[in-house]
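Read through the structure below, which is laid out as structure tokens, and then see the notes.
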Amino acid sequence: MTSALSPSTSKTTCNACAKSSDTGKEIQPFGVLVGKKLQKRVNSPLTAFASYWKTESTPSNNNEHEIPVDVLRKISVSRKESGTHVDTVVTTIDGQRYDTKELDNDPDFSETAEWAFPIFQISRKYPKTILSRLTYNIFQQSELFRIFKVSPIKFFNFFHALEKGYWEIPYHNRIHAADVLHGCYYLSVHPVRPQFGVVKSPDSLLPAPLPVAASVMSQMSTLELMALFTAAAMHDYDHPGRTNAFLVTVEDKKAILYNDRSVLENHHAAESWKLLCRPENHFIENLDPAEMKRFRYLVLEYILATDLKQHFEIIMTFNDRLSDMDLQVESDRLLVGKLLIKMADINSPTKPYGLHRQWTDRICEEFYEQGDDEKKRGLAITPYMDRGDAQVAKLQDSFIAHVVSPLAQAMHESGLLPILPGLETSELMINMQHNHRKWKEEIEIETASYEPTTCNGGNVNGVIEEESASTSDSPDPQRDSPSLDSELSQVPFTICCSIAEEEYV
């Protein structure tokens, strides 16, 4: 299946390039062209491009989808274009205005490459456009506009329509999509030292030399990179704020359509792809047929990988493949890409505690809303989605130990987590260990203070007494909310695995 979907290793010549060769104009070899480009952008995070380069001499594709006249009349664009540079003022089809000059110099996005990126602070400033603005910033930093001749108009049309399709719900909204996109960018842009593919000499007593530090971004093709970022932005599109198990139980039309299997993930992928295929949104129009086929395959694979039903299978596949892994092989790069988007999707426990707690409080309210819905329908309330009964610390302890830690540990031991200058280990691991320790301390306090007493002939729950009296350094005093992905962390590991196949992140 992979061979049928993968393009050949050498890029097929587009029609425009063929015309150029017919006129006798010399087309420079890929390596020479890239070398000249890199001399002009020494500090670019892209140190190597794969076979999907679009040459500067390539004219834009004239075979664009025709847009109906009534649609064209609705498009209002005020722009100053200079060749292929994105130096325009764009108004989307629904009237949202973007000034790319302002975006290029927006200080709010100066910390995009930092793990503690202040996502909530920026989302308060741009509540309706946080996803499209961040996507633009990351595409620009990765030079994807220039490489693929992306139309800024169609780019903003799509990503703004995409963020509008995220529901106004506490957790699975456009802020979460932006956070996952940011996680993928951070994990791919910083240098890492992969521990796979290292040549070891059995005849030498000396330790194997350290692998050369290079970003995952430099190992992926630019098409794979664009697919990863696009999939991150799309991965929870039109999420209703309910779990897969809930949709199956109530026989939701989406569950029926997808035969109760990866209901939400299939829905996110299918509906967001339909949105992308609208003529006014089709920013990937300049891809040739082989690239288009590969791009779609990658986007779907990345989105479907976020289904926790595949969580442990992907980790085991990676661990089994580790000794023979080679990032020159497409299937191995795809596997690494899946790890990146999965880590970004469940990143909350690896963030500084302030961010981690805010995500916890948001997922809390979304879970409680499902519990309220279940109660109204006369259904059994899903454990820990009942507003009156929550054990946050135990839930988070189990989730970190059984779901987040195995993935983070696998990536850390294989050298896929960035270690920034001045640190001995990845900041993701430092934060996760700190946050896990805080939850364990809460459990110890709750356990020590659990001494039921009698009041007016009735029992009083000692845990509730402790919660009301205890203190926390959390910026938000709420303590009775289920933690991120708490449906996975509510029970021991064996049960946790089975729940992971039904619930969602």
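Here the Cβ of each residue, glycine as well, is placed from N, Cα and C on the backbone.
The active site, proton donor feature in TrEMBL is assigned to His172. Taking all protein chains in view, 25 other C-beta atoms sit within 10 angstroms of the C-beta of His172 (active site, proton donor).
Under the heading Zn(2+) 1 binding site, TrEMBL lists His176, His235, Asp236, Asp345. For Asp345 (Zn(2+) 1 binding site), the count of additional Cβ atoms within 10 Å of its Cβ stands at 24 [all protein chains shown].
Sequence-distant contacts of Asp236 (Zn(2+) 1 binding site), defined as residues of its own chain at least six apart whose C-beta falls under 8 angstroms from its C-beta, comprise Tyr166, His172, His176, Ala177, Val180, Leu264, His268, Thr306. Taken from TrEMBL, the feature Zn(2+) 2 binding site applies to Asp236.
Taken from TrEMBL, the feature region 'Disordered' applies to 451-488.
Per TrEMBL, compositional bias 'Low complexity' is recorded for 470-486.
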Neighbouring C-beta atoms (10 Å sphere around the C-beta of His235 (Zn(2+) 1 binding site)): 29
